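Here's the structure, in structure tokens; my notes come after.
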């Protein structure tokens with residue numbers, strides 16, 4: 001049981017010590033009339049024999065109804081109508097009464113290997129029956145394809161109640177009697193984004209407590225067959241499947257678990273069933289829903305519902321809390337992107353509207369002004385002199401993203417990120433209380449079967465006082481040191497790949513600059529940046545697959561106790577890999593390109609003898625923007641292709657064999673239809689979370705360079721929600737309805753990205769963009785007869801060139817006899833103190849550093865102010881929690897009073913002698 005985007009699908013490992021005959025310790029169920037049955041009550045709630053306590057208003061406390069004397073045998077009442085064996089959507093055993101809670105599927109083969117598999121299946125299924133599960137087999141001759149055998153599993157009432165208690169499942173005690181109305185005038189106005197209230201039923205709201213068979217009469221059990229939801233039933237069955245043994249090895253250790261049975265190919269698949277078909281000939285409004293899957297498809301997964309709010313409670317009920325929290329977070333993040341996208345678009349429009357009014361850019365594009373300046377060659381030998389006017393289109397494109405509005409947008413996004421975190425924290429608290437997952441990690445989570453299989457040392461748990469496996473500190477240190485070493489080496493491989501792309505950029509730029517074609521020469525920087533970004537994207541996608549395997553091996557080697565710990569460790573490793581993989585080339589352009597090239601006459605050749613690449617006179621920002629756009633959009637396009645087309649193709653291929661049999665005598669059953677669906681990825685929601693978190697990094701860390709990033713992210717996420725919904729409802733087998741308390745370590749990662757974003761945006765504006773030099777020029781030097789590029793470009797005497805830097809073709813016909821050229825820096829001209837930094841350089845450096853200090857401190861202060869003003873817990877949730885505690889307290893006092901009175905009566909009846 002876990003909480004950060006995995007579906008309990010990590011590799012099954014090893015063997016375990018031989019368990020007892022039962023998968024869990026036996027918990028005896030007291031007789032209905034026993035003293036324990038009548039006296040024990042959950043969390044202070046009492047119920048006397050035949051009556052329940054009432055308050056001063058005559059209302060039964062917590063709505064408890066005694067069901068003393070009720071038969072404990074399972075009532076054969078189906079959910080809805082009884083199953084029809086001839087119905088292709090039948091969800092029941094052949095008796096039409098026992099509901100199918102899980103399916104095991106396999107394609108029998110031949111030979112000695114198949115004999116071993118058959119024996120393992122026989123032992124495994126015998127263990128399941130020993131735990132009380134009912135099994136029913138479907139021979140391959142009854143399948144549409146004629147190849148697949150199925151094992152249908154049903155959990156009777158006794159099994160459900162036993163494991164609900166062992167797994168600490170929270171079940172309803174009484175209806176929530178708090179009615180809080182925060183309706184405002186704005187919320188009363190209908191919007192096109194709301195779901196149709198005629199279709200969406202009102203969800204019941206209950207106070208809940210961990211289930212206990214000794215106090216079963218206090219829970220709201222109206223119908224035994226509907227008391228446990230389908231998601232809970234499948235989760236209970238999976239818990240048994242994950243611990244049932246199937247063979248002993250040579251060391252007398254028992255091997256166990258359905259994941260191991262699938263990995264050794266004894267079974268091909270194990271899955272809960274979908275509720276039926278998702279398509280219907282009739283409208284949802286006229287005939288209502290056929291099943292929950294049909295309802296989710298109509299109101300959530302269809303493309304035409306892209307603008308509607310998500311039915312989160314329905315998603316949670318059908319797919320479980322873990323998947324529900326993911327879609328709640330994704331929907332919330334997408335909603336918060338709307339103001340960011342609008343402001344970013346306004347900033348971009350401002351740049352488009354003022355690009356021809358910008359004085360420095362206009363001077364650069366004017367041959368009569370700065371455009372006629374002769375620039376120094378951008379590479380050795382092959383490159384010649386060039387006019388500043390050649391950079392006109394590049395400079396205008398740069399201004400679209402590098403203008404005064406960019407600074408405002410960077411500040412806005414820093415505050416946006418703070419609001420996003422604080423408001424999501426409030427939303428998460430709401431979900432935790434509403435979905436009964438606030439104490440999941442402390443109360444419900446149990447050790448991983450893989451942990452119990454790998455670890456041989458045991459010790460007494462200081463909390464439960466029970467013997468359980470543990471890993472000593474010295475062993476953890478060795479494992480973590482080994483993991484850290486391998487991670488460090490892997491990160492060096494990433495940096496090596498980035499270094500190779502940098503060398504490619506240098507070489508291709510030199511080749512393009514030496515071309516006779518003016519178009520290639522003038523666009524050489526853009527061509528080199530674009531092709532390098534595409535190569536980098538391919539390298540990123542390849543390394544991602546490699547790091548996935550490395551991360552799994554390293555995390556399993558660390559031997560984490562719970563699923564949550566395993567997932568947190570794996571997530572951190574993979575995010576570290578992906579962070580360096582995706583952002584390293586962008587960091588290079590933003591903070592390193594053109595910073596250490598030296599100057600004409602003293603270029604730095606430490607990079608394998610190559611002269612390092614430098615930025616355009618207009619700066620490196622447009623290259624940074626191009627790199628971000630290609631990687632961000634390219635990654636999203638690849639992800640959407642993988643998520644939409646590939647599953648469709650796989651489902652089509654798998655269903656072809658079944659469709660070949662056109663005989664009406666063979667029913668294409670629900671379990672076979674689901675068998676032909678695609679499997680959910682091994683790591684569950686991890687890839688979905690990772691994709692969104694990497695996108696969040698693009699939206700925040702480098703937003704100063706690409707104000708349209710929030711807009712592209714918003715458009716992508718609108719489709720992402722429906723794509724993911726469509727996959728879950730129509731394309732994938734129904735996943736296990738796992739529980740989770742929150743988004744887990746991803747929240748900490750998002751907080752870390754936000755902190756990095758504050759620093760990077762400040763540095764990008766200060767050092768990568770031309771904002772600070774332009775402001776210094778505008779307010780301190782523009783009153784002189786000095787144009788901006790005369791101010792920002794230094795003069796170099798061409799006789800001081802290094803021999804290897806002199807151009808082969810000086811293009812005398814165009815430039816004449818060139819004696820001086822310009823380069824991008826603030827240095828003294830030839831003569832006294834030649835080529836040393838000018839006072840202007842130190843002035844601008846001081847202004848840059850001052851801007852970083854002011855920007856960061858102002859953002860941090862406003863972030864703290866937001867955290868202070870926005871409470872973590874909504875008022876409505878706080879009231880309900882206080883009300884629940886009050887009722888528990890009152891029930892406890894009432895229980896003690898009843899016990900005391902009962903004790904006095906018993907004492908009075910005792911004989912005096």
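The backbone N, Cα and C atoms fix where each Cβ goes, and this holds for glycine too.
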Transmembrane segment per TrEMBL - which of 569-591, 592-614, 615-637, 638-660: 569-591
TrEMBL feature transmembrane segment, matched against 840-870, 871-901, maps to 840-870
Transmembrane segment per TrEMBL, picked from 458-485, 486-513, is residues 486-513
Looking only at the domain 'Anoctamin dimerisation' (92-312), what is the mean pLDDT? 83
Seg_contact(the transmembrane segment (326-351), the transmembrane segment (840-870)) with at least 3 CB pairs under 8 angstroms, min sep 6: no
So if I exclude everything within five residues of the ends of the transmembrane segment (569-591), which remaining residues of that chain have a CB under 8 angstroms from its CBs? That is, six or more out. 4-6, 10, 483, 487, 490-491, 494-495, 498, 501-502, 529, 532-533, 536, 540, 543-544, 547-548, 550-552, 554-555, 558, 560, 620, 623-624, 627-628, 631, 635, 686, 689-690, 693-694, 697, 701-702, 705, 744-746, 749, 760, 763-764, 767-768
